[in-house]
Amino acid sequence: MSSPYFCNHLCVVSVCNMPPNKKKGKGKKEPKKGAKKPAVRKPLTLKQKQRKESKVVRADSLNWKPVEIPDNLESYEGLYGIEELDGVDVKYVDGKAEFVVKEEKKDTKKEENENEDKNEIEDEDDEEEFTGFDDPVTETKRPSDEPDLKSKKKQKPNKDDELRENAFVGVDASLPKDTDLPKWSMENVSLSTYTINGLAGCGFKEPTAIQRKAIPLALQGKDVIGKATTGSGKTLAYGIPILERCLAQLESKTNTIKPPTAMIFAPTRELAHQVVDHMNKIAKFSPLAQNGIVSITGGLSIQKQERLLSHGPSILVATPGRCLELMEKSVDLVNRMALTDMIVLDEADRLLQDGHFEEFEKILDMLNKHRPKKTQGVSRRWQTLVFSATFSRDLFGKLSNNKPRNKESSFIENDEILSLLNTKLQFRDRTPAVIDANPKEIVSGKVTEALVECGPSERDLYLYYFLLMYPGSTLVFANAIDSVKRLVPFLTNLNIPTFSIHSSMIQKQRLRALERFKAAGEKNQTAVLIASDVAARGLDIPNIDHVAHYHLPRSADVYVHRSGRTARAGKEGVSVMFCSPQEASGPFRKLRKLVADSANKGSRMNMHSDVKLLPIEMDLVTQLKPRVNISSKLANSTISTVSTKKSDSWMKEAAEELGVDMEEEFVDDHLRKQRLRDDNKILTKDQAASLRAELKSLLNERLRINKRRSYLTSGVDNLAHQMLTGDSHEAVWGHAKVKALDQLKKGKSTKKSK
């Protein structure tokens, strides 16, 4: 059998007996008989090629590179001075190690291309020299003027190089007509035209209290600690100084990757993405590149984030976990981040809370170690900006804890804020500027707080009553993810558009839910977002009319941030709590003591002195009970079916991995009881179809207040008058359209009407 090399490279040509004059081309002399045929050269094998291209090198002449030890690994348990090699093979000959290095190939392609170009030019010259015919004389362009395709290809700019130069490009962005915002002209501060146009485009005609006080100090390079109620514009209070610093550092193009001008840290992914959106809106008219502001958060592709960081963005917005993960993978990235000018802590109390976000403390340590001590143009420490709505120690305590509270006020002075932060941070200034825009408020004065007293099993009923009577955009907070998952099908069955967001969802699902909820709010449609406390901090969702606390929050600071999701940007809103009698006697009373105004300090406060009871129409509540009961059964059946399928699949996978047969005898008693409870809640297809049909008929019936009325014109606010004027409630006959905020402001009787 022939070798495969011979099969591939040898070609046998048979020539038929044809006359010589009919053969194509010139005839070739046939080799004489008995002459030796030329030997066919066999191709080199892979091993032969490697031997030819490699050489043995002594160990001391190799290109050893020192290994940089990451900070998180400390000192490799005592090892130091480690070096590494790349592209070296080790061969053992007679027990001795030999280092084999590949020889560098000579780059002959360039020489070939140059020779080809020379030959082409010579051919062109030869053609031009021929002047045998008298053609009309025309002006001809010089060869240098003609476009050279090859040179064009060589001069084609690289996209990565353009992005790597700087986050800012040296061209002026197209600006709209001159805009004048005189109220943004603060003392000793003149904002750039780019920023002014960005503010005008977003509709911010005047600064808020925290912005008016913090921006001038931040632009002067001072450390700032800002405290203000939720929804007061803290993002722009540090965002505008950062953008102005970036514009001031605008330089010519360079090939080096520049360090970020500012690093902004946020406790949640959603808050980080929101900060990026706000910064991009303000920087819309500035010469900021497409990837000038980058978010570094978990739940998204880490490879894409590494690529964006390689282009040297000017502003980084990060969550501590993903930022630390990227820093541990690259020492070059740490060195670049350590040269930043500004570090911002948004929702700083959460970032620095004991037992939380240990990653952030590690990040600060790594940046401190790698920041150069004496470098021209780099100060010893970076500028630090700290912002939050809550800084009190008492606000973080659990409301269910019965330990005696400090007799001092829950409001803390500036000195105490400094002592709290100095233990965690190292400021550049000895005395950072502390700004308290709302010293006597924790919850914004634009938020009207309300209470609904109900039993633990009646939360669903009263929540549905509230959503039905007061349509609009509502954000419902629950303490448990299971409650979030159950409320979504419960309200969906009642024809209420409902979305959900919780920590078990992947990042893309969270962002999609937020986008849909925002879109519904922008169209003034009724929509509900059921959320865990992952959405409590920092999220700026426009046009939220109500915040409903399905469960009382576990700590006072969570209540403050939950309530701050409404009444933003100067608007008003409602925060309503659904409270059981057990909660009212303990956690609710403690919550009110912590959050109440300082005017009540030291006085014996009535539980309802600053929280109004929401008026309840008990006649309507009774009519809603059948709907709620059916919807609860359908929702429980859906949740139990999903839970049962998940547990079954998990048990099967575990049994297959162990190689055992899954039998009922080996199932744990607790799992068996849980399965029995779930099976009891699961409805058959016929039962579910019957209940859905019954619920549909109930939903098609419009509620009627005070059913004993027999005539359309009976009562002061009669039904006929409301139908003619169009003031009738969409879901309830005989009930006027009313908003929860207006209802609470009227100061109606707090007793439930019967």
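Quick reminder: no glycine exception, Cβ is built from N, Cα and C everywhere.
Keep in mind the model is a prediction, meaning the values are calculated, not measured.
Of the listed segments 266-269, 346-349, 458-461, Swiss-Prot assigns motif 'DEAD box' to 346-349. The stretch that Swiss-Prot tags with motif 'Q motif', taken from the ranges 184-212, 271-299, 503-531, is 184-212. DSSP gives ALA228 (ATP binding site) a coil state; it is part of no helix or strand.
For the recorded site, GLY233 (ATP binding site), the DSSP three-state label reads coil. Within the model, the motif 'Q motif' (184-212) carries an average pLDDT of 89.
When Cβ-Cβ distances below 8 Å are used as the criterion, the motif 'Q motif' (184-212) is approached by residues 173, 175-176, 219-220, 226, 228, 232-234, 236-237, 240, 243-244, 247, 281-287, 387, 435, 437-438 of the same chain, each at least six residues removed from its ends.
Each of the binding-site residues THR229, THR230, SER232, THR235 was assessed for Cβ neighbours inside 10 Å, and the highest tally belongs to THR230. A Cβ within 8 Å of the Cβ centre of ALA228, THR229, THR230, GLY231, SER232, GLY233, LYS234, THR235, the residues given for ATP, is found for these other residues of the same chain: THR208, ILE210, ALA237, ALA389, GLY564, ARG568. Spatially close to LYS234 (ATP binding site) yet at least six residues away along the chain are ILE210, GLY226, ALA228, ASP346, PHE387, SER388, ALA389, judged by Cβ distances under 8 angstroms.
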